Every structure is written in C-alpha cells, then in structure tokens.
Amino acid sequence: MSSDEELDEYPDGTVRLRNPNIELMDQDILYHLALGSESHDLISMFGDIKFVCMGGTPKRMEQFAYYIMEQIGHKLPAGTTLLDISQYSYRYCMYKVGPVLSISHGMGIPSVGILLHEVIKLMYHARVRDPIFFRIGTCGGIGLEGGTVVISEDAVDGMLQPFLELPVLGKLIRRPAKLDKKLCRELRALAQPDDPYETVTGRTMCTYDFYEGQGRLDGAFCDFNENDKMEYLNKIHKSGVVNIEMESLSFAALTHHAGVKSAVICVTLMDRLKGDQVLAPKEVLDEWQQRPCTLVSRYIKRYLSMKGRLSLDGHCGSMCVKSPRRFKLVQQESENYD
Ligand SMILES: O=P(O)(O)O[C@@H]1C[C@H](O)[C@@H](CO)O1
Ligand SMILES: O=c1cc[nH]c(=O)[nH]1
C-alpha cells in the first residue's frame, strides 16, 4: 500500500491526523480560527458537524449560513443570532448551523491552505465523523458563459500538473489534487432541468494569480499579447480545462491527504475566451454566486432527509430543535468572546 492509499481515518470514521506531534502537545491553538483544544470544548461545539462549506468572502459565507439555516429549517433560540465564531481571529469568518460549518477562506492557495490545516485539526479534535468539504466559489469559464455552474472533476496547476507542490525544509513535496468522483457525480445529478443555467463537470485550473497567472491582458503588468493568451487558453481548453480559479489545487490536495471527501463547485463570472474583465452588474454577480450554494444545499438536504434528520417540510429534527444544551453553547460561545 502506498502512503497515498493508507487508511486516512479511524474505523469509526473520525478524521486521522497525519501528524504524530499533535497528540503529544498539551494544547493545540488553532490561531487563525480563534479556537483552541484546551480553551474550548471542541467536541461539544463541533462534534455534530457533517458538512464544511468554504468560499472566498466573509459575506458569501455569512449569507450561505443564513440560507442553509432556512433550507434545513434550523431554528435559533429566541433572541439569538448566528455568531461569527472566529470573529476575533480577524482572518476568517465561521458560522455553525446545525451540522453545517460555513467558513470564508480568503483568496489563493496560501490562505485556503492555512485554513485547511486548522479546520482538519478542528475535525480531529472535535471527533467529527466522515465530514464532507465543499468549496463554493467563483471562477473564469473557458468556453462557458457567465453564470454557468462548474463542478470540478479534478484540479491542475498553471502548468497542467495534477498536484500541489510545496517547498518543505528546502525540498519540493507533491500532493495529488484529487477530488471525490462519486460526490462530483452526485452533485451533477442534483442539477435540475428547469434550472435557468447550465451545470457542467470538468477539469479546473488553479493558479497563483488572478492577472498574469490566468493569462489576463489587463493586469498592472503584461509581457504577452492577445495571440499568446488565446493560444494558451485554447491549449488548456483542449486538455479538458473548463474553468480557472485560485484554491481548488490546495483544497483537493489537502482534503485528499487527510482522507476527507471533498468537492469544488464554482460559478463562472465570464467566458475567458471572450474577455478578461468582470463586467456583469453587482446584482447579477450576487445572483450567480447563489447558484453553487443552491446545489450544495440540495445535497445537504438530500443527505439529511436520507438520514431521517430532515422532515418533509424541510425541518431539521434531531440536531436543530430548541435544545437547552445548544442554547447553553450559544451563550458560551458569546461569553468566550465578550
Ligand atoms: O471563492 P472565490 O470567489 O474567492 O474564488 C475565486 C478565486 C479567488 O479567490 C477569487 C478571485 O477573484 O475568486
Ligand atoms: O476569472 C476569474 C474569476 C473569478 N476567480 C478567478 O480566479 N478567476
């Protein structure tokens, strides 16, 4: 068995860490989440998590938290609102809605990578079983019009390499950027014929830059021309790339390395074969960004209803009823940060 195929979780489904140092430490401070294994009761706070949803901006992920709350019928105790659990990290936002975590990851591989280290450790400390991670993002389409939903089959870097390369102790390590194929198919099957937009699957290119790295002519610097750009975009399109964004490589590589199932669902903001600038009006962009959220919500609702945790009227039963324990936790969470 290669190290890549080793058992990545304990038999009960809890996340296994590929780092023997963590369990020898007195405490583990998840610095960028403003949480710690000793300062917080991570099992009570997060032990019931099943879905971890991430996206670039704090606003999108706050809106997703309220949206999924309504979709699964999660009720907050009277007089309380959703709390940004990581607000005092001043880095990422994090909301918990029953079995769903909604977290912003910022822009680019370094930002999402740091977050994934800490969220994967959070899953471990909280003894979460078989979590599923989603990235809900935006991207540029290749041969796809704006507003198209793309579910990534796999991720490649700007050189079309299917792995994340990271210098560690002066050596380049490579981690395969693999996404869960079955999850990708299941998500595709949840697209509905009457959705007023297309939902497709394909290869996603992940770059280290929005401008030169994605072959844009409109950055502060540009050392190539329109022909060079089109030649490159046509070449990557031929190799199966249907969209370009900036986090999928790390998201796929780190979740795969942790043995966590994951999927990347992005909406295209424009067809890069037709232009570089984001020209759609703000209201249109807002509506487009809702589309990957709708697909992920359908998946979560289907999962919860199959597990008998969502009644037909959409209400989430066992995890979300007014529980005195949960109420205490909401209070505790607020108190921790007062
Ligand atoms: O999830 P988001 O919308 O942040 O994803 C893409 C990739 C970069 O982070 C950003 C560039 O505009 O959008
Ligand atoms: O073109 C785009 C649009 C959104 N995000 C990207 O990384 N690229």
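Cβ coordinates come from backbone N, Cα and C, glycine included.
Bear in mind that TrEMBL entries carry predicted annotations, made automatically and left uncurated.
Summarising the annotation, TrEMBL assigns domain 'Nucleoside phosphorylase' to 50-301.
Other Cβ atoms within 10 Å of the Cβ of Thr138 (phosphate binding site) number 20 in total over all chains. Residues or ranges marked as phosphate binding site by TrEMBL: Arg91, Arg135, Ile136, Gly137, Thr138.
Positions annotated as substrate binding site by TrEMBL: Gln214, Arg216. Counting every protein chain shown, the number of other Cβ atoms lying within 10 Å of the Cβ of Gln214 (substrate binding site) is 22.
Geometry remark: Gly137 (phosphate binding site) versus Arg216 (substrate binding site), CA distance 19 Å. Here the C-alpha separation of Arg135 (phosphate binding site) and Gln214 (substrate binding site) works out to 20 Å.
When the binding-site residues Arg135, Ile136, Gly137, Thr138, Arg216 are checked against ligand 2, Thr138 have a Cβ within less than 6 Å of one of its atoms.
Proximity of the binding-site residues Gly137, Thr138, Gln214, Arg216 to ligand 1, judged by a Cβ distance under 6 angstroms to any of its atoms, singles out Gly137, Thr138 in sequence order.
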